[in-house]
Amino acid sequence: MFPYVTDYSGFAIRKWMIDNVDVAGFLCLLYLGLVWKGPGVVKSLREKNLINATLLQGVFIMWNLFLSTFSVIGMIVVVPAAIAHISNKGLVPALCERDVNMIYDSPVGFWVGVFALSKIPELFDTVLLVLQGKQPPFLHWYHHTTVLIFSWQSYCEGSSTIFVFVAMNLTVHAVMYFYFAMCASGFKAIMRTIAPVITIMQILQMIVGSAVTMYSAYVLYNPQPDGPQTCDVTKASARMGVVMYLSYLYLFAALFVESYLKPKKRTEKSK
């Protein structure tokens with residue numbers, strides 16, 4: 001599948017990302033400025049009727065359909081390869097030994113590289129939310145900024161565990177962005193039933209991510225005489241991954257409890 005990337009090598013992209021690592025920082029600063037100041041600017045624009053709500057909704061739908069399609073195609077390539085890689089090498093060697101075919105070379109390497117770079121245009125999600133007059137919640141902008149930084153670092157260093165994170169993220173995003181597109185298209189009542197399923201998928205993703213990052217950190221700080229002496233992950237990346245995934249796990253679990261388990265407060269009309 002995708003023969004045009006059979007001989008692909010991502011080392012040129014890796015070099016560009018290493019040489020321009022400051023770009024990730026500048027983008028995050030601009031992004032946070034949008035999150036904090038954007039809603040106020042947009043409010044004044046909406047009061048002057050300078051934003052076309054119908055056009056904006058159409059762009060929102062098409063953008064989410066594009067991201068869902070992108071994720072599906074990437075998932076079709078990366079997920080089977082990740083499963084085969086773990087099956088052939090064993091779980092521990094697959095996680096701790098760098099394989100360039102799972103990071104930089106081959107169709108899988110192509111999609112891992114595209115995935116790392118895709119975290120930049122994904123910030124457009126927030127632009128659309130702000131233009132709709134919404135204040136992005138903490139989980140939304142925290143997730144976008146930290147994923148961008150972590151993906152950039154993991155790809156540049158050739159983290160041996162990156163393929164796991166890519167496979168999981170593409171799978172969840174394939175469903176999540178399709179859900180957003182359908183809700184915006186007028187099918188919210190129908191799609192509402194799968195909303196808890198998506199949050200559960202996200203929680204499972206964070207559980208696996210936490211386990212993988214904690215294991216790699218454990219091996220790095222506690223080499224085993226009868227086991228792996230090290231993992232091809234830097235200590236900085238391992239620490240960042242542990243903090244990031246554990247914080248995600250807490251935030252998504254809290255979101256699930258708040259959204260689906262807590263009893264809803266009744267309004268005056270419903271009393």
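Positions of Cβ are set from backbone N, Cα and C atoms, glycine also.
Quick look at what Swiss-Prot lists:
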- H143: active site, nucleophile (ACT_SITE)
- N52: N-linked glycosylation site (CARBOHYD)
- 140-144: motif 'HxxHH motif' (MOTIF)
- 16-36: transmembrane segment (TRANSMEM)
- 59-79: transmembrane segment (TRANSMEM)
- 110-130: transmembrane segment (TRANSMEM)
- 162-182: transmembrane segment (TRANSMEM)
- 194-214: transmembrane segment (TRANSMEM)
- 241-261: transmembrane segment (TRANSMEM)
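If you count C-beta pairs under 8 angstroms between the transmembrane segment (16-36) and each of 59-79, 110-130, 162-182, 194-214, 241-261, the highest count goes to 110-130. When the stretches 59-79, 162-182, 241-261 are ranked by Cβ pairs under 8 Å to the transmembrane segment (194-214), first place goes to 241-261. Neighbour density for the residue listed as 'N-linked glycosylation site': within 10 A of its CB lie 11 other CB atoms from the protein chains shown.
Looking at N52 (N-linked glycosylation site) and H143 (active site, nucleophile), their Cα atoms lie 28 Å from each other. Confidence for the motif 'HxxHH motif' (140-144), expressed as mean pLDDT, is 98. Within the same chain, residues 2, 5, 8, 10, 13-14, 17, 27, 31, 34-35, 38-39, 42, 56, 59-60, 63, 67, 70, 74, 77-78, 102-104, 136, 140-141, 144, 147-148, 151-152, 154-155, 162-163, 166, 169-170 sit at least 6 positions outside the transmembrane segment (110-130) and bring their C-beta atoms closer than 8 Å to a C-beta of that stretch.
Under DSSP, the residues of the motif 'HxxHH motif' (140-144) split into helix, strand and coil as follows: 5 helix, 0 strand, 0 coil. Annotation note: the residue listed as 'N-linked glycosylation site' sits in a coil segment as assigned by DSSP. On its own chain, H143 (active site, nucleophile) has Y248, L251 as residues at least 6 apart in sequence with a Cβ closer than 8 Å to its own Cβ.
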